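**Q** Pasting in a structure now, in structure tokens, and then I'll have a few things to ask.
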Amino acid sequence: MEQPINVLNDFHPLNEAGKILIKHPSLAERKDEDGIHWIKSQWDGKWYPEKFSDYLRLHKIVKIPNNSDKPELFQTYKDKNNKRSRYMGLPNLKRANIKTQWTREMVEEWKKCRDDIVYFAETYCAITHIDYGVIKVQLRDYQRDMLKIMSSKRMTVCNLSRQLGKTTVVAIFLAHFVCFNKDKAVGILAHKGSMSAEVLDRTKQAIELLPDFLQPGIVEWNKGSIELDNGSSIGAYASSPDAVRGNSFAMIYIDECAFIPNFHDSWLAIQPVISSGRRSKIIITTTPNGLNHFYDIWTAAVEGKSGFEPYTAIWNSVKERLYNDEDIFDDGWQWSIQTINGSSLAQFRQEHTAAFEGTSGTLISGMKLAVMDFIEVTPDDHGFHQFKKPEPDRKYIATLDCSEGRGQDYHALHIIDVTDDVWEQVGVLHSNTISHLILPDIVMRYLVEYNECPVYIELNSTGVSVAKSLYMDLEYEGVICDSYTDLGMKQTKRTKAVGCSTLKDLIEKDKLIIHHRATIQEFRTFSEKGVSWAAEEGYHDDLVMSLVIFGWLSTQSKFIDYADKDDMRLASEVFSKELQDMSDDYAPVIFVDSVHSAEYVPVSHGMSMV
């Protein structure tokens with residue numbers, strides 16, 4: 001009999017704001033069949049035994065026999081006793097150019113494995129178990145789906161939660177690819193060389209445990225690379241652009257893509273390698289890591305814009321997690337609660353539900369970053385993106401952060417429309433190729449175009465000369481000065497802290513609308529660093545810092561003059577709703593003065609300030 005839900009004891013942290021993301025196990029459908037009590041999972045609609053012991057009995061481990069003396073049983077035969085046929089004396093590895101006495105059954109089985117990767121995996125792929133020795137791989141449902149997609153599609157991107165066993169399924173696919181294809185080079189890329197080497201080790205194990213009739217001969221069997229006698233090879237590399245340049249790969253596998261720094265540079269090197277062949281493959285797998293480059297790759301794949309086939313799997317794909325500590329099926333209720341309590345809800349969503357949360361400590365909240373949309377426009381020859389053309393009756397303010405090193409950091413100029421209550425980014429100059437000698441002339445061109453708008457310049461090493469040239473040489477009177485000697489603003493800890501805090505409020509409260517794609521991308525990797533804010537390793541923050549200058553300026557009294565406002569208090573503009581709520585909560589006390597005495601009449605929920 002089903003038990004009623006106790007709202008005090010049966011709360012789950014995933015169920016927030018009235019949304020039921022996980023049902024209590026007492027609400028699941030049940031049935032009795034074949035002497036087993038079955039419970040229907042809410043995740044895949046399949047029936048599972050109530051007891052974990054029954055689940056293990058139905059999915060029992062299958063050991064692979066050690067067959068080295070019965071070649072007629074070719075499905076498991078390895079000629080281990082013949083050292084002349086072994087590579088470097090290793091019993092599980094066949095030496096190159098060893099002749100195989102093929103039978104019709106062997107040929108048919110070989111073709112079946114070539115054409116059906118799932119059959120190949122479930123029939124011949126094995127792992128070494130710490131207790132049972134060599135056992136057959138038991139594929140999970142998601143692993144079967146992944147194998148089918150990777151095999152049939154040219155470009156695949158997989159958004160997966162942690163600890164699903166993705167390395168195992170990728171290793172099986174790589175082993176299948178090099179065993180059944182001639183002259184194919186495979187490159188494994190990861191954040192670190194040790195991570196790509198781990199994937200290669202798992203692939204080597206999959207090849208090593210194949211029976212002799214499926215295993216190609218070994219030419220090289222090194223720590224960082226292998227080569228087979230069919231001409232195929234696999235190499236493990238760190239994800240630097242130099243790793244793939246000069247090589248021609250038939251397939252590239254990128255592991256933990258979301259955690260690779262400077263991925264843009266690596267991606268520019270990878271694309272020509274893949275595009276060199278019409279059938280070249282690329283496979284990307286990762287757990288999300290905030291809203292960085294992988295978020296863009298995944299979004300483009302889901303929207304069908306990039307040619308990548310998207311696939312995702314989350315924590316409930318591991319069926320052992322659907323049983324509690326008492327080995328009773330609860331559909332993952334206890335496991336998910338314990339995991340969340342051991343970390344945080346946001347971390348659980350990112351690492352176990354493959355959700356794109358903001359990178360830990362980003363200036364702008366992850367929820368806001370996820371809904372920020374950009375407008376795609378083609379920049380002009382100088383790198384200026386125009387989102388809205390200038391209008392004569394509107395008021396604009398510009399901020400400029402000059403690059404300190406040509407070819408490295410970027411010049412970043414933002415032009416903001418401050419006419420209405422909601423401010424809007426209407427133009428962006430973003431370039432790291434413009435010389436600071438000619439930058440004042442280029443900047444002035446756009447400032448004049450936007451109604452000769454005022455500009456606030458950060459006085460860094462090159463900003464001083466740019467501001468001086470703009471104000472004195474070009475006689476542009478719209479340069480906003482902090483003093484008689486400072487033709488702009490000098491960035492300090494205080495100005496940066498106030499500017500960052502103000503910018504966060506402006507964007508999260510929809511006071512400032514951003515249209516520039518690169519600006520939004522920089523926000524995704526602009527996070528807390530000690531007691532300040534900065535771009536994460538391998539990323540830029542020039543566009544964000546130019547907006548931080550605008551955030552600081554908007555808090556200054558002179559902003560009213562440049563924005564052509566009669567009177568403005570930024571807190572009233574940004575937090576109007578919060579201030580109104582405070583006003584309602586703390587209504588004033590009303591004093592009534594009569595002829596004989598004075599008395600007060602408190603308004604309900606009022607508060608006396610006396």
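Residue numbering: from 1, along the chain as shown.
Any Cβ shown, glycine's included, is placed from N, Cα and C.
In case it helps, Swiss-Prot gives these features for our protein:
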type     : residues               : note
REGION   : 30-94                  : region 'ssDNA-binding'
REGION   : 131-301                : region 'ATPase activity'
BINDING  : Gln138, Gln143, Arg202 : ATP binding site
MOTIF    : 161-167                : motif 'Walker A motif'
MOTIF    : 251-256                : motif 'Walker B motif'
ACT_SITE : Glu256                 : active site, for ATPase activity
REGION   : 328-352                : region 'Binding to the portal protein'
REGION   : 360-559                : region 'Nuclease activity'
SITE     : Asp409                 : site 'Modulates nuclease activity'
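Map these features onto the structure and tell me what's around them.
**A** Using a 10 Å Cβ-Cβ cutoff, Gln138 (ATP binding site) registers 13 neighbours. In the three-state DSSP reading, Gln138 (ATP binding site) counts as coil.
Residues 140, 142-143, 146, 198-199, 202, 255, 285, 287, 313-315, 317-318, 351-354 of the same chain sit 6 or more residues outside the motif 'Walker A motif' (161-167) yet have a Cβ under 8 Å from a Cβ within it.
Taking H, G and I as helix, E and B as strand and the rest as coil, DSSP gives the motif 'Walker B motif' (251-256) the counts 0 helix, 5 strand, 1 coil.
Neighbours of Glu256 (active site, for ATPase activity), defined as other CB atoms within 10 A of its CB across all chains, total 21.
Sequence-distant contacts of the region 'Binding to the portal protein' (328-352), counting only residues of its own chain at least 6 positions beyond either end whose CB sits under 8 Å from a CB of the stretch, comprise 12-14, 22-25, 28, 39, 41-43, 48-52, 55, 161-162, 287-290, 314-316, 321-322, 366.
A C-beta separation below 8 Å, combined with a sequence spacing of at least six in one chain, links Asp409 (site 'Modulates nuclease activity') to Ser403, Asn432, His540, Asp542.
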**Q** Non-local Cβ contacts of Arg202 (ATP binding site) (under 8 Å, 6 or more apart, same chain)?
**A** Thr167, Thr168, Val170, Ala171
**Q** Same chain, not part of Gln138, Gln143, Arg202: whose C-beta falls within 8 angstroms of the C-beta centre of the ATP site? Give them in sequence order.
**A** Ala121, Cys125, Ile127, Val137, Leu139, Arg140, Gly165, Thr168, Val169, Ala171, Ile172
**Q** Just the number: how many Å between the Cα atoms of Glu256 (active site, for ATPase activity) and Gln143 (ATP binding site)?
**A** 17
**Q** With every protein chain in view, how many other Cβ atoms are within 10 Å of the Cβ of Gln143 (ATP binding site)?
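**A** A count of 24.
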**Q** By DSSP assignment, list the helix, strand and coil residue numbers for the region 'ssDNA-binding' (30-94), in that order.
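**A** With helix first, then strand, then coil, the region 'ssDNA-binding' (30-94) has 10 helix, 23 strand, 32 coil.
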